[in-house]
Amino acid sequence: EDLSKAMSQAGSSQFQEVIRQELEYSMKVELDKILATAHSNEIEHTKKDLEGFKKLFHRFLQEKGPSVDWGKIQRPPEDSIQPYEKIKARGLPDNIASVLNKLVVVKLNGGLGTSMGCKGPKSLIGVRNENTFLDLTVQQIEHLNKSYNTDVPLVLMNSFNTDDDTKKILQKYSHSRVKIYTFNQSRYPRINKETLLPIAKDVSYSGENTECWYPPGHGDIYASFYNSGLLDNLIAEGKEYIFVSNIDNLGATVDLYILNHLMNPPNGKRCEFVMEVTNKTRADVKGGTLTQYENKLRLVEIAQVPKAHVDEFKSVSKFKIFNTNNLWIALSAIKRLQEKNAIDMEIIVNPKTLDGGLNVIQLETAVGAAIKSFENSLGINVPRSRFLPVKTTSDLLLVMSNLYSLNAGSLTMSEKREFPTVPLVKLGSSFTKVQDYLRRFESIPDMLELDHLTVSGDVTFGKNVSLKGTVIIIANHGDRIDIPAGALLENKIVSGNLRILDH
């Protein structure tokens, strides 16, 4: 009986192997057809993109199910995640400028503002006093370069979605004291969920073909940075570390203490990879967490967790921290690992439904997942203020408000706020798009003493409104609520219909 079981298992794995080979062959045929439609000036980079995609697809066919064995997950050892206070306590050396001159700031700039109802790159959305995410980033680095007389460059990783618009805007910084470089993420074909073949028939990605292609997540930074030639140029200029973060994380400023810890490690052994983590709150249950796995620090994302353990993964007590995606990585290590093809990142399978109803999947990777491929990695538990992402208009309301003050491109929590946590803000669907959101606030309310705000339905705010404590405003369907100018709402629930008529 055991023998027949073993034979049928061998048979089925053989059968699966045959299917895998057939799928890879069909994929190769389709990709060759696509490549054949490229113009001579596109062939080189299209080939690189499709080669990269083929490798990812090969791994996708090999791997089955969530890629972590839950039983092997352990808490990271004490010294593998250092408290920021300890790193800050070392102080700064006199020659901080020479340390800064080894740094490159990289911002992940591949995303569009579609989730907030905007066309074009997300980095060009106005966040504070007419400044965009990109403006604030340039101001921060320019301030650094002027203060310390240094030459820290800014590198933007664009995608084919954001490259043209970003490059047009960059001209406005031509006189600022920041060298700005760009390189592009790869462009990979979306595949039909049923057939696992590309939906693109040719290489073009404009018009009706825009839906056929996608940028494969920020894990693509290693290959595309290397392939662009920029990595080698920066190493040749004597640069040693990159600080990578999402362009929509307004808390991700250059931290001199962390940089000093990297360049002058206390034990003399340099880290090749530092991930900034911060303590979870109830709002962060989905963030990836750092664990110890087979004697390496490893980032585990919710998508990799077996269904039976998702609740445990989300619990704030067992996994207390999450990845902010602020990363410090040694350039020489990226080059070494990229040349050995040794950067291992789990594949994220992202299902999408296109406008016409077609189900596709896109294969992606995450930049932080590579932590286990680097030597001597470290987590640093940083204050929550270094994680200030703007993903929704609810986030936008916080950063536009008097909770923060703006100085040289950096936002800092107002000293007038008595507790360091940010209020929980939930704006309803009438506020999702930036232009609707802006139309509904004549001016941004005073939120210094706010704990919690929920707004739902057709609600508008007049000038100089103050919100304190817990405020819940719900306009039922068909009703409208206008909060009058100068109103103070403290621990109030407003519902029904409230129209203030000018007479």
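Including glycine, each Cβ sits where the backbone N, Cα and C put it.
Curation plays no part in TrEMBL annotations; they are all automatic predictions.
What TrEMBL annotates here:
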| type | residues | note |
| --- | --- | --- |
| BINDING | Lys122, Gln185, Gly217, Asp248, Lys391 | UTP binding site |
| BINDING | His218 | substrate binding site |
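Mapped onto this structure are the features recorded in TrEMBL.
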residue	record	Cβ within 10 Å
Lys122	UTP binding site	24
Gln185	UTP binding site	28
Gly217	UTP binding site	23
His218	substrate binding site	23
Asp248	UTP binding site	22
Lys391	UTP binding site	14
What's the longest C-alpha separation between any two of Lys122, Gln185, Gly217, Asp248, Lys391, the listed UTP-binding residues, in angstrom?
21
Write down the Cα-Cα distance for His218 (substrate binding site) and Gln185 (UTP binding site), rounded and given in Å.
8
Between the Cα atoms of Asp248 (UTP binding site) and the residue listed as 'substrate binding site', what distance do you get, rounded to the nearest Å?
14
Work out how many Å separate Lys391 (UTP binding site) and His218 (substrate binding site) at their Cα atoms, rounded off.
16
